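Participant: Okay, handing you the structure first.
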Amino acid sequence: MFFYFNSPVHWLPIPDCSLTCLIFFSDTVRDTFLVDPAIILIIVGVVMFFITFCGCIGALRENIKLLKVFSVSLTLVFLTQVAIAVLGFFYSEQIPGTFGKFVKKAIVHYRDDIDLQNLIDYIQKEFLCCGWNNFTDWSQNLYFNCTLENPSRERCGVPYSCCAAVPGEVTDLVNTMCGFGVQNLKYIEAVKFIYPEGCAEKATHWMETHLLLVGALALGLALPQIAGIVLSQLLISQIQDEISSVI
């Protein structure tokens with residue numbers, strides 16, 4: 001049971017879209033960080049390996065020092081997550097604005113990276129939204145820019161992932177040109193062809209309606225960490241008692 005809690009899977013959350021998300025942050029917002037995100041991820045991986053190694057070897061060899069290192073390290077990780085959660089609660093009003101900057105930067109670089117492009121398309125199709133505030137955000141992209149000087153065929157358009165489903169149409173073919181020229185339309189007219197609402201409003205609504213799920217996931221991540229800390233301390237006490245009885 002002790003080895004079950006040693007697994008880093010139970011104390012470090014890894015999202016389903018981890019690879020795509022890492023590419024997204026590495027390629028799109030690298031200039032926002034003082035340190036390359038790839039370096040941060042390597043450091044996190046090394047720390048994960050170190051803590052898990054100390055726990056496993058400490059339990060196998062009944063090494064008190066390694067078990068103490070494991071317990072203290074896991075405690076620090078847990079306290080760090082609690083601190084992040086508290087800061088997120090107190091600065092919750094600033095989170096949408098910060099995330100909005102990332103999304104807007106991603107819109108600008110939409111055509112620069114295929115993985116980033118697929119990520120944005122997935123988000124827009126899942127949330128039935130377009131852009132961050134509304135569909136006109138896509139004018140910030142070089143290809144979809146609506147200025148007269150823009151020679152692109154996609155001028156004043158939006159990605160196909162913004163397009164609304166056509167009633168009664170059943171086909172596997174994707175009309176990648178369905179969003180062409182949509183920015184020239186008024187909001188009322190654009191509704192006929194795309195989902196004009198921004199993803200900011202849809203994402204906020206999703207968070208509000210899934211608070212219980214988010215809380216349950218947070219609790220599910222915290223309990224194994226606490227159990228790992230408690231079990232390591234119990235094992236340390238057991239080993240110390242055995243040493244004392246022998247002496």
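Glycine is no exception: its Cβ is also placed from the backbone N, Cα and C atoms.
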Participant: From 72-91, 212-231, which range did TrEMBL mark with transmembrane segment?
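Facilitator: My reading of TrEMBL: the transmembrane segment range is 72-91.
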Participant: Look at the disulfide-bonded residues Cys129, Cys130, Cys146, Cys162 and tell me which residue has the greatest number of other C-beta atoms within 10 angstroms of its C-beta.
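Facilitator: In terms of Cβ crowding, the pick is Cys130.
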